[in-house]
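As recorded in TrEMBL:
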BINDING   E42, N46, D88, M93, S108, G109, Q135, F136, G137, V138, G139, F140, T185, R343  ATP binding site
DOMAIN    35-195  domain 'Histidine kinase/HSP90-like ATPase'
REGION    1-343  region 'A'
REGION    559-637  region 'C'
Amino acid sequence: MTTDTDVKTDKVEKHGFQAEVSRLLHMMVHSVYSEREIFLRELISNASDACDKLRYEALTTPDLLKEDPELQVSLTLDEKAGTLTLSDNGIGMSHDELISHLGTIARSGTSAFMEQMAQKSDGKDKKDAGSMIGQFGVGFYSVFMVSENIEVTSRRAGADESWTWHSDGIGEYTLAPAAKATRGTDIVIHIKDDAKEFLDEHRLRNIIKTYSDHIALPITLVMDKDGEQKSERVNEGKALWTRPKSEITEDQYKEFYHHVGHAMDDPWMTLHYKAEGVLEYTVLMYVPSQPPMDLFDPARKSRSKLYVKRVFITDDCEDLIPGYLRFMRGIVDSQDLPLNISREMLQNNPVLAKIQSAVTKKILSELEKKAKKDPEAYATFWKSFGPVLKEGIYEDFSRRDQLMKLARFETTADKGLSSFDDYIARMKEGQETIYYITGDNINVAKRSPQLEGFRAKGIEVLYLTDAVDDFWLQMVPEYDGKKFQSVTKGVADLEDKKGDDKKDDEKKENTPEIDALIGVLKTNLEGVVKDVRLSNRLTDSAVCLVADDGDMDIHLQRILQQHQQLQETSLRVLEINADHALIKAVAAAAAKDGSVNALKDSAQLLLDQARIMEGELPEDPTAFAQRLSAVMTQSLK
Ligand SMILES: Nc1ncnc2c1ncn2[C@@H]1O[C@H](COP(=O)(O)OP(=O)(O)OP(=O)(O)O)[C@@H](O)[C@H]1O
């Protein structure tokens with residue numbers, strides 16, 4: 001993305017920040033954020049990523065590393081000048097990369113985040129804005145919380161030129177040619193007056209230890225001691241996942257999660273193990289506690305990182321983790337893949353396919369354990385990630401059974417989240433079917449008239465209200481030998497079910513009036529509905545619409561229509577409730593001569609009523625309003 005106000009003068013170029021960056025910088029400086037020290041973690045994290053990227057490029061172009069093979073990060077403290085300088089000898093940034101990486105935010109979800117932040121930081125909720133910064137992980141830009149201005153001088157590995165990016169974080173930045181002799185990036189931070197604590201050697205050592213101990217690179221602190229420059233290695237510099245579990249503290253796991261997942265929340269679950277056998281690999285994966293912002297991005301990208309023998313290969317590998325586990329963050333480090341594997345070679349790679357299958361199985365079985373051990377915590381997980389995990393029921397045949405066991409749903413029994421097994425255990429005597437209703441959200445589904453008869457008989461119905469539900473239901477006809485049945489489709493087989501209330505068990509018989517009404521409605525609504533019949537599922541409402549047995553469920557049809565994915569739609573069946581006062585009244589009128597014409601408007605009004613209860617508009621809203629007005633006028637005369 002280029003910026004809007006690019007001006008070049010004598011090689012010093014002025015650039016405007018992308019609007020989102022300006023807003024972010026403004027909000028960061030003006031909101032109350034107590035953990036300002038995270039800027040250092042963010043910069044060290046970027047430096048470590050830059051070294052990882054170089055190590056990967058050097059696999060195919062070894063010359064890039066030749067002159068300076070020891071990858072490292074250093075932090076130089078100059079108390080007198082009031083500066084901190086963070087240097088790395090990683091991949092570096094070219095002129096254009098400085099512009100695109102340090103002048104824009106390309107991450108999806110940024111605009112939505114900005115809007116929420118703007119509301120909070122403009123109002124009284126400055127503290128909340130601060131905690132949102134924490135959640136978003138503003139990366140490089142967080143340095144402006146502690147600095148007057150900063151200079152980034154960078155030389156891309158393999159390039160001859162270098163550039164200095166300079167900004168005080170207000171509106172614009174400059175770029176000027178530099179004379180950096182070696183590859184990598186130096187960031188000079190001019191510390192603000194109110195942030196002098198970050199010029200304190202002990203404080204710095206502590207921050208690096210806390211936040212960056214897991215970084216697999218040496219980090220040194222360079223200081224002036226009695227006129228002499230001293231440097232001291234601060235972290236262990238060993239990849240965290242290679243260390244034994246017993247030696248890793250919870251905080252170290254957490255910090256690594258923040259680094260690897262570019263996340264700021266705490267991990268909800270941590271999975272660290274080494275597989276040995278035919279294939280050898282180490283896994284350190286996390287389930288976040290908060291849904292990442294790009295969770296529903298159509299690209300469905302996984303952010304997990306692939307390493308080969310501790311060398312970072314890619315964080316953009318479709319075959320490492322299935323799309324329905326894209327919320328996982330972490331790494332897989334393989335011993336068996338060749339080090340010089342290119343990202344293209346990873347596609348359809350049999351070793352990777354085996355790793356993916358085994359890792360997926362392990363993640364799902366760990367989730368299963370969690371679900372058993374702590375159902376409440378699992379319910380929180382499910383609320384965030386269930387809709388994503390359910391995509392697997394649709395697309396991963398080999399794991400379908402395992403995923404179905406993990407699935408949870410709200411039901412008409414109002415018992416919180418239930419599994420299919422919970423539902424089956426509560427089924428009524430003689431019930432052989434798992435009933436469900438799909439809908440845009442649970443509140444809409446709860447109001448559906450089609451549920452009335454099921455409620456009256458105490459038969460539990462599952463609310464399936466994620467868009468993905470309509471799709472997996474097409475692929476999965478049953479669970480544990482029990483067929484799935486939509487309550488908005490086919491004839492409701494409620495007659496043989498014993499209800500809680502005896503009265504409801506009586507079989508509904510057509511009277512001559514009802515037969516006459518059905519005839520009148522069929523004639524008047526020909527071509528608009530597929531059929532008209534007496535309902536078994538209504539108790540309170542007069543009418544409802546259902547899909548015929550072999551047809552597509554109403555909700556799915558609506559979704560596909562909205563996305564222009566449907567060539568032909570099927571007509572619905574209009575069901576009428578013989579016990580309803582309105583139906584009784586119209587039925588009496590239907591038994592009279594000439595009723596087909598006389599009841600034209602009533603027929604249309606009944607259909608429109610059913611449509612409105614489905615959340616749809618009447619076919620012709622103006623005609624509907626006219627008919628309703630006429631009926632009201634008549635009744636008030
Ligand atoms: N020291 C560095 N060397 C090379 N490139 C860097 C360096 N620091 C930052 N970058 C580049 O700038 C980009 C933006 O960094 P920034 O920290 O804002 O975001 P991020 O690291 O991509 O994500 P997050 O905000 O989650 O940390 C990085 O993705 C990287 O490409």
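Here the Cβ of each residue, glycine as well, is placed from N, Cα and C on the backbone.
Residues near T185 (ATP binding site) in space but far in sequence (CB under 8 A, at least 6 apart, same chain), listed by position: A47, A50, S87, D88, G90, G92, M93, V152, T153, S154, R155. E42 (ATP binding site) counts 20 other C-beta atoms within 10 Å of its own C-beta, drawing on all protein chains shown. Residues within less than 8 Å, Cβ to Cβ, of G139 (ATP binding site) and separated from it by at least 6 positions along the same chain comprise E42, S45, N46, H262. Per DSSP, the secondary structure of the region 'C' (559-637) breaks down as 48 helix, 4 strand, 27 coil. For D88 (ATP binding site), the number of other Cβ atoms no farther than 10 Å from its own Cβ, over all displayed protein chains, is 27. Mapped onto three states, the DSSP output places E42 (ATP binding site) in helix.
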